[in-house]
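Chemist: I'd like to ask some things about the structure below.
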Amino acid sequence: MAELRNRNVARSSIPLGAFLWLATLAILITLLEPVAAFAHASLVRSTPAQGAVIAAPPGAIVLEFNEAVAPLALTASTPDGSSRSFQAAADGTKIVVSDPNLEALGTYLFSFRVVSEDGHPVAGTIAFSMGAPSPSPSTVMEPKPAVLHWSIWMTRWLLYLCFSFAVGGAFFETCLKDTASSSSLSRNWAPVGLALLVGSAYLQGLDELGLPFVARPQLAPLVFAFHGGYGVSITFGVTAFCLAWRMRPRGDGRRWIGLMALLAAAAAFSSTGHASTAEPRWLARSAIFIHSGSSMFWVGSLPVLLKRCLGAHRKEEGALEVFSRLIPLPLTALIVSGAVVIGLQVPKLSSLWTSSYGLILTIKLLFVMTLLALACLNRFWLTAPAIRGDERARLKLRRSVSAEVVIVVAIFAAVAGWRFTEPPRAALASQPARLQAHLHSSSAMAQLEIAIQSAGTGSASISVIDQGQRVMAVKEVGLRLSNPEQGIEPLKFKAVPEADHSWMVNGIPFVRSGRWAVTVDILISDFKAVHLDGFITVPEIRR
């Protein structure tokens with residue numbers, strides 16, 4: 001009989017083992033998939049430009065972003081007050097509306113709604129006029145979708161709690177000898193998490209499509225939300241909750257099932273969102289994977305501890321011993337991976353107090369430091385006496401762990417707000433790279449400033465001064481750029497005088513990074529010209 005039982009166990013473990021290997025492979029493929037990286041997109045420039053007055057109808061309307069995007073909705077408010085919709089094509093970082101057929105003279109408000117690969121919609125309006133501005137420019141009054149945004153925030157907040165309590169708690173329970181007494185604690189959160197995942201996907205679809213929260217329920221937003229990385233994240237989330245729900249108090253492979261649930265949940269967090277698109281992408285996703293998995297284990301274990309060994313009627317100190325032995329590793333991983341993510345997301349320390357993202361991060365860090373202080377108190381001063389049976393220490397430990405749960409709830413509430421903020425690295429990437437060069441000779445000097453956008457085009461500002469740092473009145477200024485190392489012959493531009501006595505060159509195509517030779521040609525008079533030579537180093541162009 002024993003031999004038959006062993007055969008049955010071995011036979012049943014084969015498909016389970018195969019499933020676990022396949023699931024592990026799928027998670028690794030998701031983490032290391034070499035696809036293009038995208039971030040929170042922002043508009044770099046448009047044609048026609050913001051506030052431009054054009055003489056003839058545009059042949060195309062072009063929106064250029066700092067990252068590749070996909071169009072969701074494009075509409076225009078015309079001078080007569082009517083509204084029109086347009087079809088657009090995505091071309092890398094550009095959204096192009098070909099032949100918009102705009103004929104009426106006056107002011108147009110061209111509204112766009114696009115989505116980046118991390119699933120965050122970006123909306124805005126470009127105003128331009130044809131012929132002359134309208135006497136009373138038309139306006140587009142769209143109420144802010146406050147109800148929708150609050151619903152998205154609430155859903156994400158509760159989802160973070162469900163992932164931790166259901167998945168992290170389930171895995172911690174598999175590390176204990178007896179899970180029969182508390183196995184329902186974690187499993188009860190799993191169906192709630194599944195329902196929240198469906199609701200989160202629906203709200204995401206509404207936001208991407210620009211539909212109001214009060215819209216009649218329909219299938220389109222739910223289906224639309226499953227595209228790109230967000231759909232992958234939902235799939236991993238459903239897998240994690242289903243595995244946690246399926247786990248039984250006893251049985252072969254329950255620890256493996258708990259581990260796979262935790263890995264799937266960590267993959268759900270690492271496959272979408274701001275941080276998952278940071279460069280280098282493999283490092284960002286790996287750090288998020290470790291950070292989210294470690295935090296879910298820590299947070300999920302707290303309710304289990306409260307019920308099993310710190311409750312009014314339970315004194316199962318074995319669970320406390322297991323937690324005390326296991327927690328140093330995930331806690332260390334949590335801190336290190338969190339530091340990596342912060343380093344990738346916040347390139348400048350000043351962003352902690354000058355950006356919405358940084359303010360939320362600062363609040364989170366304050367909560368985390370408080371949480372770590374409580375954890376140290378528990379680990380080094382209260383755990384050992386509680387295990388020995390000290391009722392006073394056990395009561396203090398119960399209060400401290402309860403306080404940890406409250407702080408975690410506050411941390412998740414703050415983190416859910418990141419959904420509506422732009423990470424500092426994305427804002428920094430959308431700003432032009434600025435290069436400077438000081439060129440001089442015995443006759444004249446030139447201060448050259450070049451701004452390069454992420455799309456690889458730039459503009460140059462040239463100030464011509466004499467040896468006494470006074471602005472020189474010159475007749476013409478030209479600019480030449482070449483890159484001999486890469487076989488690029490001189491590009492020649494004629495500068496246009498500006499009101500501040502500087503000279504401007506627009507539309508410079510910096511198609512290659514590296515060391516460029518620059519020459520500023522200055523025509524001082526009909527009989528005197530000066531040529532100032534120098535070099536600039538163009539950084540890598542992000543496209």
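Every residue gets a Cβ built from N, Cα and C, even glycine.
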Chemist: Which residue range, 25-45, 256-276, is the one TrEMBL calls transmembrane segment?
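Modeler: Within the set 25-45, 256-276, TrEMBL attaches transmembrane segment to 256-276.
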Chemist: Counting only CB pairs under 8 A, let me know which of 256-276, 358-381, 401-420 has the most with the transmembrane segment (224-244).
Modeler: 256-276
Chemist: What residues in the same chain, six or more past the boundaries of the transmembrane segment (358-381), come closer than 8 Å to it by Cβ-Cβ distance?
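Modeler: That would be 324, 327, 331, 338, 342, 345-346, 351-352, 397, 400-401, 403-404, 407-408, 410-411, 414-415, 417-418, 421, 424.
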Chemist: Which sequence-distant residues neighbour the transmembrane segment (326-346)? Criterion: at least 6 residues beyond either end, Cβ under 8 Å.
Modeler: 175, 274-275, 278-279, 283-284, 286-288, 290-291, 293-295, 297-298, 301, 352, 357-358, 361, 368, 375, 379, 423-425
Chemist: Helix, strand, coil residue numbers for the domain 'Copper resistance protein D' (319-418) per DSSP?
Modeler: 90 helix, 0 strand, 10 coil
Chemist: Can you work out which residues elsewhere in the same chain, 6+ from the ends of the transmembrane segment (157-176), have a Cβ less than 8 Å from its Cβ atoms?
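Modeler: Residues 182-183, 185-190, 192-193, 196-197, 200, 237, 240-241, 243-245, 247, 254-255, 257-259, 261-262, 264-265, 268-269, 295-301, 303-304, 308, 318-319, 322-323, 326, 408-409, 412-413, 415-416.
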Chemist: For the transmembrane segment (282-306), find every same-chain residue at least 6 residues outside the stretch whose CB is under 8 Å from a CB in it, and list them.
Modeler: 31-32, 163-173, 176, 182, 185-186, 262-263, 265-267, 269-271, 273, 275-276, 319-320, 323, 327, 330-331, 333-334, 336-338, 340-341, 344, 398, 401-402, 404-405, 408
